[in-house]
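Worksheet: the structure to be examined is printed underneath.
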């Protein structure tokens with residue numbers, strides 16, 4: 001497949017629109033799962049930590065399986081993966097409406113829906129990058145707001161559907177809405193051309209052609225038999241010498257020589273196959289070895305190691321509010337008359353605002369993106385510490401807005417990763433970081449829920465969450481201080497594409 005030059009427009013804007021609605025439809029329910037979380041607590045009577053696994057799996061499994069999702073999109077293309085994943089998300093949501101217990105929800109909602117969302121995210125990002133080059137940042141920013149808008153709308157929608165049709169009816173209707181992903185996926189036309197010449201095959205791809213040559217040699221042997229027989233008959237006709245003994249001897253000699261040649265050729269084929277398998281295994285093993293060597297080199301970078309710890313602790317402590325904020329309001333005995341807008345909806349819309357504002361700030365040359373990211377972590381830790389002191393809807397709404405805005409630091413995280421390791425190692429490093437981000441997403445809500453089951457209040461849980469986020473922010477700040485480079489004299493040894501962290505003059 002030979003891709004055309006990214007058009008930076010045209011059908012690419014259709015791709016942006018359908019990718020936006022794809023993320024809107026697939027991530028709307030999992031991100032707004034806090035509304036369903038309350039219903040599952042009442043329906044199954046399980047502990048908060050045990051029930052929180054459903055939502056945490058739905059949001060974390062896609063990041064944990066990001067390498068598998070990338071392989072699927074690379075192998076089959078964005079459109080087939082999007083259509084298949086649409087069936088997964090819709091089917092998982094509909095299956096969840098028939099869940100007899102919480103363990104069934106782990107599979108139907110947590111794993112099936114979560115994996116489908118991960119595949120859809122990878123497909124939308126991949127095909128958008130194929131259609132855009134110069135405007136890639138704008139295009140990715142637009143489609144990423146689809147999940148935040150979905151969180152804002154689905155929080156209120158799922159609550160209204162539960163009031164009208166119950167929990168089971170809500171999941172059935174939301175699952176039916178997710179079938180619109182199939183229409184969006186069908187519009188993800190791959191960017192390719194059949195007019196350009198196909199690229200040259202690699203050495204591994206050329207090997208099977210050798211076997212075709214061998215088969216052609218076998219065919220020429222049979223043709224040689226017919227040619228020899230024909231030539232001999234013609235010679236007999238011209239000489240008119242009917243010697244049957246000589247004919248039999250000649251045929252036996254020809255057939256025996258052919259059998260010897262076939263055996264030699266077969267032995268050569270076996271040797272070629274064996275050598276090819278050995279070389280292929282050696283090459284694959286070398287690739288895996290190089291991968292782990294590069295991973296070790298990445299973790300020798302103190303800023304990357306601190307970033308790895310920070311993203312893990314950030315997701316352990318920062319993700320639970322988006323899942324548990326509704327239950328926090330119910331635990332604070334806030335009356336429904338004061339409950340104007342769902343707190344999860346506030347988090348969703350402010351996350352979209354945060355992504356745009358922080359992304360714009362990161363483009364200014366005088367802004368140090370690493371210190372900006374650290375600032376968001378420290379502010380989020382303080383906001384998490386303030387949750388136990390909130391006793392009214394207004395204060396919880398303000399904290400939800402602050403937490404949602406600061407969660408928008410996901411938009412500058414790729415900037416920070418690029419500046420830390422360089423553009424050449426971005427894919428490798430980002431994959432590792434996203435895996436641990438998914439691990440944090442999966443562990444955070446159950447840990448907070450277990451704290452509640454243990455203490456019967458959320459205060460200790462959010463003190464723990466705030467401590468985790470603050471710890472990650474302080475570790476990252478310490479690792480990025482320019483005094484380390486002065487002490488170790490390593491600033492001159494940094495790769496050309498690695499960012500040297502120095503305090504900006506106006507930061």
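Note: Cβ is positioned from N, Cα and C throughout, glycine not excepted.
Given the structure is predicted, the values throughout are model-derived calculations rather than measurements.
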Between 169-188, 189-208, which stretch does TrEMBL give the note transmembrane segment?
-> 169-188
If you average pLDDT over the domain 'Major facilitator superfamily (MFS) profile' (15-484), what do you get?
-> 79
Return yes if the transmembrane segment (339-358) and the transmembrane segment (169-188) have at least 3 CB pairs under 8 Å (sequence gap of 6 or more), otherwise no.
-> no
In terms of Cβ proximity under 8 Å, which residues at least six beyond the ends of the transmembrane segment (104-125) contact it?
-> 19, 22-23, 26-27, 29-30, 33, 40, 53-63, 65-66, 69-70, 72-73, 78-79, 81-82, 84-86, 88-89, 91-93, 95-96, 140, 143, 181, 185, 188
Take a look at 52-73, 137-157, 303-319, 429-452 and tell me which one has the most Cβ pairs under 8 Å to the transmembrane segment (370-390).
-> 303-319
Close approaches to the transmembrane segment (169-188) from elsewhere in its chain (Cβ under 8 angstroms; 6 or more beyond its ends) | 14-15, 18-19, 21-22, 25-26, 28-29, 36, 78-79, 82-83, 85-87, 89-94, 96-97, 120, 123, 127, 154, 157-158, 161-162
Looking at the transmembrane segment (303-319) and the transmembrane segment (464-484), are there 3+ C-beta pairs under 8 A, with each pair at least 6 apart in sequence?
-> yes
Per the 3+ Cβ pairs under 8 Å rule, pairs at least 6 apart in sequence, do the transmembrane segment (52-73) and the transmembrane segment (137-157) touch?
-> no
